[in-house]
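Asks: From Swiss-Prot, here are the annotated features:
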BINDING   Ser53  D-glyceraldehyde 3-phosphate binding site
ACT_SITE  Asp95  active site, proton donor
BINDING   His96, His212, His249  Zn(2+) 1 binding site
BINDING   Asp131, Glu161  Zn(2+) 2 binding site
BINDING   Gly213, Gly250, Gly251, Ser252, Asn271, Leu272, Asp273, Thr274  dihydroxyacetone phosphate binding site
Amino acid sequence: MPIATPEVYNEMLDRAKAGKFAYPAINVTSSQTLNAALRGFAEAESDGIVQISTGGAEFLGGQYSKDMVTGAVALAEFAHIIAEKYPVNIALHTDHCPKDKLDGYVRPLLALSKKRVEAGLGPLFQSHMWDGSAEPLADNLAIAQELLETARAAQIILEVEITPTGGEEDGVSHEINDSLYTTVDDAIRTAEALGLGEKGRYLLAASFGNVHGVYKPGNVVLRPELLKELNEGVAARFGKESPFDFVFHGGSGSSEEEIRTALENGVVKMNLDTDTQYAFTRPVAGHMFANYDGVLKVDGEVGNKKAYDPRTWGKLAEASMAARVVEATQHLRSAGNKIK
């Protein structure tokens with residue numbers, strides 16, 4: 001199917017919220033990881049979200065120029081073509097963008113999509129993330145207001161992170177402490193600044209103990225029930241039931257019960273990067289170890305072209321990552337829930 005239109009993306013999010021499921025948002029860094037994500041969604045009969053971080057976009061731009069906009073646009077254009085071959089709806093998103101990278105990433109991409117919309121085309125991306133979690137909340141929300149207005153004009157949804165997620169994601173890092181929990185007051189201030197849909201739709205990455213990266217279960221205290229408190233606190237103030245569309249960041253190592261509680265309390269999008277990176281890399285490492293005398297020219301031998309052909313190990317990587325995407329759709333209940 002074509003990349004999701006703004007109308008289809010809104011329908012996807014509405015269906016997820018009503019059905020208490022969420023879409024895996026898969027970080028990609030190449031055409032190969034993109035194909036793996038799309039394959040996983042197709043095999044699971046799940047619509048989904050594919051996203052590009054600032055680091056991913058820089059990598060896609062090539063190590064000569066490292067231009068984030070070029071990298072993101074190139075993969076997005078490729079995605080618009082290749083997605084036609086998959087029987088599911090896919091939304092394109094850009095992941096964490098801190099203040100110092102806005103002018104080199106999200107703002108130019110918003111301007112590009114605005115021009116496309118003015119020309120009668122759809123936006124290149126369906127949503128963008130502003131990560132102001134390192135900024136004071138007042139400054140964070142002031143920038144979010146500006147970006148939300150621009151995004152709305154381009155028919156794009158904005159994702160905002162108002163309080164820190166622990167660990168590190170593309171250079172944005174936070175300590176693991178009590179600041180990792182969004183308060184009802186934080187949520188009310190967000191609603192006051194950004195509205196509850198009338199100023200443009202946004203996704204809220206609230207913090208409930210989340211940590212980016214790899215950690216063992218039990219090392220971090222997740223409180224997904226906090227999302228219910230945030231929704232109820234804002235609903236009591238503004239009179240709108242379940243006002244927020246929540247995003248779950250830093251979910252590696254989460255238990256199925258924690259994920260289930262998050263879904264019951266309004267999460268519609270959950271980011272996956274660490275787990276899919278490992279799933280992609282593991283079979284490649286296995287292939288190299290098992291075929292070291294073929295992928296290397298050892299003791300004067302010439303190796304085995306079939307062993308070191310990137311397509312050989314690349315197919316293994318794609319299949320493994322796709323399987324991890326399928327698993328994610330099952331945990332998040334989006335499997336079998338594609339828009340017919």
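Cβ from N, Cα, C; glycine included.
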Asks: Give me the Cα-Cα distance between Gly251 (dihydroxyacetone phosphate binding site) and Asp131 (Zn(2+) 2 binding site), rounded to a whole Å.
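Replies: Answer for this pair: 17 Å between alpha carbons.
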Asks: Measure from the CA atom of the residue listed as 'active site, proton donor' to the CA atom of Ser252 (dihydroxyacetone phosphate binding site) and give the result in Å, rounded to a whole number.
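Replies: So the Cα of the residue listed as 'active site, proton donor' lies 16 Å away from that of Ser252 (dihydroxyacetone phosphate binding site).
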Asks: Which of these binding-site residues has the least crowded Cβ, counting other Cβ atoms within 10 Å: His96, His249?
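Replies: It is His96 that, of the binding-site residues His96, His249, has the fewest other Cβ atoms within 10 Å.
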Asks: Whole-number answer please: how many Å between the C-alpha atoms of Asp131 (Zn(2+) 2 binding site) and His96 (Zn(2+) 1 binding site)?
Replies: 5
Asks: Just checking the binding-site residues Gly250, Asn271, Leu272, Thr274: which sit within 10 A of His96 (Zn(2+) 1 binding site), CA to CA?
Replies: none
Asks: Can you give me the Cα-Cα distance between Leu272 (dihydroxyacetone phosphate binding site) and His249 (Zn(2+) 1 binding site) in Å, rounded to a whole number?
Replies: 8
Asks: When a 10 Å sphere is centred on the Cβ of Gly250 (dihydroxyacetone phosphate binding site), how many other Cβ atoms does it contain?
Replies: 27
Asks: Through the lens of DSSP with three states only, how would you label Glu161 (Zn(2+) 2 binding site)?
Replies: strand
Asks: Can you tell which of the recorded positions Asp95, Asn271, Asp273 lies nearest to His249 (Zn(2+) 1 binding site) in space, using Cα positions?
Replies: Asn271
